[in-house]
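One structure below.
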Amino acid sequence: MTSLTLINRATCIFNTLIKLPATKQLVPFFPAYHQHYSVSSKQVSAKMATEKTLPEIFKYVDQNKDSYKQLLKEAVAIPSVSCDVKYRADCIRMVHWMQDKLKEVGASTELRDVGFQTIDGKDVQLPPVLVGVLGNDPKKNTVCIYGHLDVQPALKSDGWETEPFELVERNEKLYGRGSTDDKGPVLGWLHTINAYKGTGAELPVNLKFIFECMEESGSEGLDSLLMDKLKPEGFFDSVDYVCISDNYWLGTTKPCITYGLRGISYYFLEVECAKMDLHSGVYGGTVHEAMSDLIYLMNTLVDKDGKILVTDIYKSVAPLTETETKLYTTIDFDPEAYRKTIGAYKLAHNGVKEQLLMHRWRYPSLSLHGIEGAAFQPGAKTVVPGKVIGKFSVRLVPNQEPEEVEKLVFDYINKKWAERGSPNKMSITAQSGRAWTENPDHPHYQAAARATKLIYQTDPDMSREGGSIPVTITLQEASGKNVLLLPMGAGDDMAHSQNEKINVRNYIEGIKLFAAYLFEVGKLPK
């Protein structure tokens, strides 16, 4: 038995036997490179954090980077895939794991039930939402931190070089599903608290936490919890700022702060030709095949250059101003490096930087994602699917309302279906979230910019992003306060793709960034 094992067992036994009040914030003893956080029973007076304290905190982070990697390894090992019901128990396990970690840094926590979802006619329990509080000093600003603990599906056979749920370090990169989206950044906040307390420094702000495990599947149940329960209960009354780290740098070398996101309108286009799958040798040529109808419809949505063909889809897009046009010229973005990172043969819009950024940030895009019910395994399968569901989405931009876009898409599909003249059954449904923007000149953003410059020795780009985090708007509305997106990962992290990773540098320096950010926000007027 190793000494580390003995320490872990002793910690577990101690925490089981000594029942500490949930609200008592204790300064923990943190052995260097310890696998777990632990809470000491001895209250130590903490010193107020100052500029001179930050170098001590940064040194502590460097000294404990191996234990921070180990905790990320533990988190990645839990396959919390929210879109597949067979992993639902793992999603719930992931929430409980994170609850334990929050408690270990001294936070009081609560698991909030958000009900059920219906899958294939059956009610399935949704993972609870983890809500936490650390500190209630009325003289301090309070920051609400949001993150998610669920991940996209991943199989080694998809093209991963290593097992996706085993964190592997290679060439100063940490590969594993969820490493950058979003388990690494979520753990970064815990490591930040760990570093403050490990150096005996008082946290400069109060913290509130909202961690969910359904973000990759539409955050089911979360909006209702935030707006109908937490808000009336007063959870947001003391919140001064909201921070989310669930996005990435634009490139690989220069940090950024994000003040805008596209929304999303996701569609499920279903065509049914029979009540069962059929053998093409027996039934081929005798039925109107659903797959043919679906391919026809999906092929009418977008042209080869990425132009959306849905009627009037661009009508409500905000016009491009001369002032906005100039902003794109100063952004640090290398189209050729971007192309090589993703292995694309050629970029759209002739690879022109300004056009690429505009079509990534301020214009809508339509992407085809897949077909459910079709054969996808290797080898020849001669089935005629009885029912297929095509999946596609439209990324929305400011001035586009989801209800408006959904109607345009529904009307367009129904028109094309009528033109097709098929006797099969067709239906289309959608789930959507609005685009989001903030004011990058807000003091909150300027505090984050100062923190970023302290860590990376350069002013960050103020950028928008092409992705969507629908809860951003809900948190903005629930709190009534400024919302900031502070990325940890780099632009080549390949979130949602094969070989997702986070650079060791981004992970460790990102923890320091969070520490500096909390310090800078703590200096803002209350």
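Backbone N, Cα and C define each Cβ position, glycine as well.
Worth saying up front: this structure is predicted, and the values here are computed from it rather than measured.
Long-range Cβ proximity for ASP150 (active site), meaning a same-chain Cβ under 8 A and a gap of 6 or more residues, is found for SER80, VAL81, SER82, CYS91, MET94, PRO127, GLU212, CYS213, MET214, GLU215, GLU216, SER217. Residues or ranges marked as active site by TrEMBL: ASP150.
Taken from TrEMBL, the feature active site, proton acceptor applies to GLU215.
Sequence-distant contacts of ASP181 (Mn(2+) 2 binding site), defined as residues of its own chain at least six apart whose C-beta falls under 8 angstroms from its C-beta, comprise VAL151, GLN152, ASP246, GLY489, ASP493, ALA495, HIS496, GLU500. Residues annotated as Mn(2+) 2 binding site in TrEMBL: HIS148, ASP181, ASP246.
TrEMBL lists ASP181, GLU216, HIS496 with the feature Mn(2+) 1 binding site.
All chains included, 10 other C-beta atoms sit within 10 angstroms of the C-beta of HIS279 (substrate binding site). Per TrEMBL, substrate binding site is recorded for ASP246, HIS279, THR382, ARG395, SER468, HIS496.
As a whole-number mean, the pLDDT of the domain 'Peptidase M20 dimerisation' (260-418) in this prediction is 95. If you look up TrEMBL, you'll see 260-418 marked as domain 'Peptidase M20 dimerisation'.
What TrEMBL records for HIS279 is site 'Important for catalytic activity'.
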Cα distance, SER468 (substrate binding site) to HIS148 (Mn(2+) 2 binding site), nearest Å? 13
What is the one among the binding-site residues HIS148, ARG395, HIS496 whose Cβ has the most other Cβ atoms less than or equal to 10 Å away? HIS148
If you pair up every Cα among ASP246, HIS279, THR382, ARG395, SER468, HIS496, the residues annotated as binding substrate, what's the maximum separation in angstrom, rounded to an integer? 45
Specify the count of other C-beta atoms within 10 Å of the C-beta of ASP246 (Mn(2+) 2 binding site). 25
Which residues, sitting 6 or more apart from SER468 (substrate binding site) on the same chain, put a CB under 8 Å from its CB? LEU261, ARG262, GLY263, ILE264, ARG395, LEU396, GLY433, ALA435
